[in-house]
Amino acid sequence: ARECVTQATRSPFPENLALVAVVPVFSPRPPGSKMATIDGDVPMEPELELTSDEEMEREAEGFKEQGNAFYIKKDYSEAFNFYTKAIDTCPKNASYYGNRAATLMMLNRYREALEDAQQAVRLDDTFMKGHLREGKCHLSLGNAMAASRCFQRVLELEPDNSQAQQELKNAESILEYERMAEFGFEKRDFRMVVFCMDRALESASACHRFKILKAECLALLGRYPEAQSVASDILRMDSTNGDALYVRGLCLYYEDCIDKAVQFFMQALRMAPDHEKARLACRNAKALKAKKEEGNKAFKEGNYEAAYELYSEALTIDPNNIKTNAKLYCNRGTVGSKLKKLEQAIEDCTKAIKLDETYIKAYLRRAQCYMDTEQYEEAVRDYEKVYQTEKTKEHKHLLKNAQLELKKSKRKDYYKVLGVEKNATEDEIKKAYRKRALMHHPDRHSGASAEVQKEEEKKFKEVGEAFTVLSDPKKKSRYDSGHDLEDEGMNMGDFDANNIFKAFFGGPGGFSFEASGPGNFFFQFG
């Protein structure tokens, strides 16, 4: 007789599933017996036997141990993969989520880490490390209040936990820095805000909100490259971040790249339609551009009064736009110089330079106004600044000319002494001498006080000195060229003003003052 029995054999497949196979077992036939008739040896279908929970747990622990090994080696990506396998194998184990949360934190993926940490403490509310990691994720993301609750829960479970105590202090510090930053922003103390956000980001390194506030204040302080860098870092991680797009646009707007700025503001509004700052900045940018262009058009048409008003209106649109306002002040200064409002022009150029110390055009415009008002020392100072920045032939020429005028201004101004223009003709110079010589002649003032006589005698000598130089073509040429005649051996103190007077008015009987009362005198050469 032949009978069939079953025997279970372990499967070599990785799923650890057991196959059940039919194995025929033959027994010896008794002597003389007949063979049993069998309808057919049809084997049974294989049956799958699920691995036990205990085996699943052992497998998950194996994945976890491999994850730990990679974590120690700082290969966090591989560690993440094995912790994920452990979770897939045994999804109800809180420590696996806690380990993966720690790995995600090392990868700076704090939002994902937060989800894992929260799942860990949902599975086991007494899991101290889970609460600690949840708190650290909240802290890194800038949610200090939620972080504080997590650290307080850790201290309920383990009152002496020093890490939780320290992190709780960090959370309290962040809350204080937030309050200080809010106050600073209201007071427009943007440096204070940047300081507070830098301190807060030491603990909340992944907080986009803090980074955006810092970047906005950097832009308002004119530190555009730093602001751009912060915003660009955020956009690399999240290209749809409306706040970061707004800051990028703000930097371009403040750098007077208004068309590009408007594009970023519009993109920010597409991502965040309720973004009020982007809407206001976009409106200001368009208004500022339009008003400035109107002013430029009026200036080109020679309508200086209208241009002056339009530039003034543009300056009221946005006081924070430093670079554009600097250009507007310089433009208005140019208009002022055309309108002969030179002091106002100097003031406008000074405002432009105060806003932008690198603005060469404003220095040049102010220097020319200083030259026109004979403030040569100030003009030399501005031209020196320009030449140090841009060493061109034109700037060198302007500086030399200003230095020459300064040197000339420190000598006696013979043209002023005679009361004539620098382009006066020979006849005009003679007429001026005649008038001034008679006005200051000592005999005309012989009845005045000693102080007045002394002053008039001095002026009489200066008139004679001026006439001596300006009536001599060679001396006049050298004087006009800026040469110091006394340095060249022409001692102007040695001449006799009376001799010049006599020579000019002729010999005996050529001139007389006739006394007829106080202040009238008789004087005659002869």
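One-based numbering along the chain as shown.
Any Cβ shown, glycine's included, is placed from N, Cα and C.
Taken from TrEMBL, the feature domain 'J' covers 413-483. What TrEMBL records for 60-93, 128-161, 242-275, 288-321, 326-359, 360-393 is repeat 'TPR'.
The repeat 'TPR' (242-275) shares the most Cβ pairs under 8 Å with 288-321, out of the stretches 60-93, 128-161, 288-321, 326-359, 360-393. Outside the repeat 'TPR' (128-161) by six or more residues, the chain places 94-95, 97-98, 101-102, 105, 110-111, 113-114, 117-118, 120-121, 167-168, 170-172, 174-175, 178, 200, 203-210 with a CB less than 8 A from a CB of the stretch. Below 8 angstroms of C-beta separation, residues 220, 253-254, 256, 258-259, 327-329, 331-332, 334-336, 338-339 of the same chain, each at least six residues beyond the ends of the repeat 'TPR' (288-321), sit close to that stretch. Across the range of the repeat 'TPR' (242-275), the DSSP-based residue counts are 27 helix, 0 strand, 7 coil.
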